[in-house]
Amino acid sequence: MDDARTLLDIKEYPDTEVQKNRVLTLEEWQDKWVSHKIGFHQEQGHKLLKKHLDAFLKGESGLRVFFPLCGKAVEMKWFADRGHSVVGVEISELGIREFFSEQNLSYSEEPITEVPGAKVFKSSAGNISLYCCSIFDLPRVNIGKFDRIWDRGALVAVNPSDRKRYAAVMLSLLRKGFQYLLAVLSYDPTKHAGPPFYVPDAEIKMLFDTKCKIHCLEKVDAFEERHKSWGIDYIFEKLYLLTEK
């Protein structure tokens, strides 16, 4: 990557047809967990969330925090340890079990009656509940509303053709006075088909502008050695804060 390249040099690409038609099945995502192809998992947690955590929480206690497509995100324990109630949804049962195991948390599991074949895993302390089902099955389960949403590796993982449906689910979960922190990736989508998918600014506005004020908090260089195999020479992560209009 050219070190002289600045953030302002990076062109915002319109979303491309090759990504719009790209589809990953739930089975393919589950296979990634089985074969441990989970380069998206961050063992130390997300640096930008860590940096903006206090501003995100605003000193409030007892918040309900939602993690869409949560995987085994270590940040779930961060929030639980601060006295908040965490709910996540993840298609991979393996990912959910690994979360509880790696965080040394005992848990119980029970079927979700509204969604055949789905389960919910609950920490023994009762402050973390992870639903093993499709995000699009969630409206059938009454999980209530949330004060905070941490969306990292979720919107960028949803098939582009499903984004409107996804945004509708997210907006339906927001409680009055919410804060929705959203991390997306910016790269040349003509060189990498995704996932993770490229989500341009215009798409975020189209999906959320009707109900949310949208503020870009930060844009950072996220390029790593592994990204070379994607055929790209730059990738930036952008952090947005969505609040009530």
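Here the Cβ of each residue, glycine as well, is placed from N, Cα and C on the backbone.
Residues annotated as S-adenosyl-L-methionine binding site in Swiss-Prot: 29-40, LEU69, GLU90, 134-135, ARG152. A 10 Å cutoff on Cβ-Cβ distances gives LEU69 (S-adenosyl-L-methionine binding site) a total of 24 other Cβ atoms nearby, all chains included.
Per Swiss-Prot, the feature substrate binding site maps to PHE40; the stated evidence is similarity to another entry.
In the three-state DSSP reading, LYS58 (N6-acetyllysine) counts as coil. According to Swiss-Prot, the feature N6-acetyllysine maps to LYS58.
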Checklist outcome for this item: Quick note, LEU69 (S-adenosyl-L-methionine binding site) and LYS58 (N6-acetyllysine): C-alpha atoms separated, nearest Å, by 24
Checklist outcome for this item: Its Cβ having more other Cβ atoms within 10 Å than any other among the recorded positions LYS58, ILE135, the winner is ILE135
Next on the checklist: Check the DSSP secondary structure of LEU69 (S-adenosyl-L-methionine binding site), expressed as helix, strand or coil.
Outcome noted: coil
Checklist entry - What kind of secondary structure is ILE135 (S-adenosyl-L-methionine binding site) part of, going by DSSP in three states? => result helix
